[in-house]
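**Q** Handing you this structure, nothing more for now.
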Amino acid sequence: MGKMECVVSSVVAVLVVVVVDTVSMTHAASTHSSTDHSQVVAEADALRNSGWWIWSHPATSNHCSWLGITCNEAKHATGISLQSYQVPVGDLSKLKLSSLPSLDFLVLSGSGVTGSISDQIGILTNLTYLDLSHNQLTGYIPHQIGSLTELTYLDLSWNVLTGVIPSSLSHLTKLTHLDLSYNQLNGSIPHQIGTLTELTGLDLSWNELTGAIPSSLDRLTKLTSLNLCRNQIKGSIPPEIGNIEDLVSLNLSSNLISGEIPSKLKNLKRLENLNLSYNRLSGNVPPFITNNCYWTTIDLSYNDDLESYTPFFCNGREVPTGDTTAIDPFLLIIIIFLLLTLILGFAFGLWWKKRQVQPESIAAKKHGDLFSIWDYDGRIAFEDIISATEDFDIRYCIGVGGYGSVYRAQLPSGKVVAVKKLHRSDIDEPAYLRSFKNEVRILEQIRHRNIVKLHGYCLHNKCMFLIYMYMERGSLYSMLSDAVEAVELDWVKRVNIVKNMAHALSYMHHDCTPSIIHRDISSNNILLDSKLEGFVSDFGSARLLDPDSSNQTLVAGTYGYIAPELAYTIVVTEKCDVYSFGVVALETMIGKHPRELITSLSSLLCQDIMLRDVLDSRLPLPEDLQVAKDVVFVVLLALKCIHSNPQSRPTMQQVSYKLLGNIPFPKSPFYAISLHELKNQEM
């Protein structure tokens, strides 16, 4: 009996343990499930409360189906990607980063982000990809960013960030791409950056960095591109840079770098592009540069104490990877023969130049060549342009402007460029020569993705031309004038073109020193590429705005786009460009020049003009709410820009920011909005 009781007791004890374990496991699972669910709810609340998705009016409460959000199987948000103004984001602080610990990537490039980068960024320890470029972020780069140790890609370029580069970036040892360009960062480059040994691209250009280039950069052995241009870097070029053997592009231009060019740079066997221009370099140009046939572009210009050299152009060859210290005697004979041929050819060219209308030789000067190419294939030559256009045959002419004709030229490499050649009859006219030189001078100083790029020029007393990037779709005016092509320009594309113009003009007025005024903004001077992106072109009338002068000038521009105040004053300001922008923006929306509409706006008839009646009738009225809002905003801003009083017009910076941000939508529904309502609405 006692034995039976013992067995029963043992069985009961085992059952109790099993029941207790089961209850514990169930409770733990329930607790974990509850915690996980709470985290998902917190993430959804953080995304919803940011207000970023309010315009898209998500039809579901499931945040994983919202625009630009990626989730895992557990419905945790692992990624946010809102590039190119898909959603008007606004202040970054509205997004509670501490509630999104599972984020793997955060991409907000070009989404109108404002505010500063919060210290909370350090909580996102799972982040591998962070792109906040092309926004209006201000303040410092928080040192907590160094906690993102899984990060492989970091791009904070094209913002208004200030302060120093935090040394905590040295903790991001998995980083392969770092771009902090186009900000206002100061201080020196931290030597700890040499710990980022996985970097392949490093861009710190267009800042206010000082101090010397740290020699620790030689530890970045995987680096292929190094860009430190447009800073205030002093000291000499560290010879250690010659140890970065995979380097393909090295740009140290527009700094205060002094001393000689290190001979150790000859170790960069894979280098294709070298730009050391606009510095204070001195001494002799090393032979490995003057005799180099392997590099695509070499620019050493504007170094006053550097020995002058003649650019050496030759056909590209495969970059050698083996030992090149020993020189084959046969190769030496060939080199000597080629040098003698060049010398004889140069002498013959000088003689021939005096007898021919077209120049056959190109002589280099210390501060710029008669034929100059930059940011382009270094093997391009004068003869390539002549051959590609068959000596500027009319068959290749794609347009005629005020002081020149534009030709399409396909180079031997297959690259297509546009060549604007000054009319032969105008070459001796001082006004046209000034316009030509002015366009070169302006475009040499500016770089913006919505300003047409100038590849080079030829300045000769018998032949002058400019070489531009080729715009496949021609001008905005020509597309709007064509019934078929105008339909291809839907509302989304038209709004985007207006944004492109605004960003370019904002850059010219507010980011260039001194400010640049275009003076001839018109639909003819807005060019479109194959993707129908807009580019500002034709800087022949542009001028640098001198704050210490009266800025008086002769009236320039195209009839119908010139600001009305220039009828009684000769003082040019940025507000003249703002007016012209407003006219082009309206033209883009209504499909034709708005001269009659502008006249009506100043009369009582304005109250009876409905927005829906003036929009381009070749397109159906926008049905998507977001597109409709964008169209309304463009027209509203355009009306503000064409105000008769220059002081009442917004700046292009304000216009650019507004197009990226939030403008209050009129109280009336779209079909009931009048121009009078838009004209009187506050920005």
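The backbone N, Cα and C atoms fix where each Cβ goes, and this holds for glycine too.
Values in this document were obtained by computation on a predicted structure and should not be read as measured data.
Dumping what TrEMBL says about this protein:
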BINDING   Lys421  ATP binding site
DOMAIN    392-671  domain 'Protein kinase'
SIGNAL    1-28  signal peptide
TRANSMEM  330-352  transmembrane segment
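How buried are these features, and what lies next to them?
**A** For the recorded site, Lys421 (ATP binding site), the DSSP three-state label reads strand. Less than 8 angstroms from the CB of Lys421 (ATP binding site) sit Phe392, Gly404, Ser405, Val406, Tyr407, Cys463, Met464, Phe465, each of them six or more residues away in the same chain.
Over the domain 'Protein kinase' (392-671), the average per-residue pLDDT in this prediction is 81.
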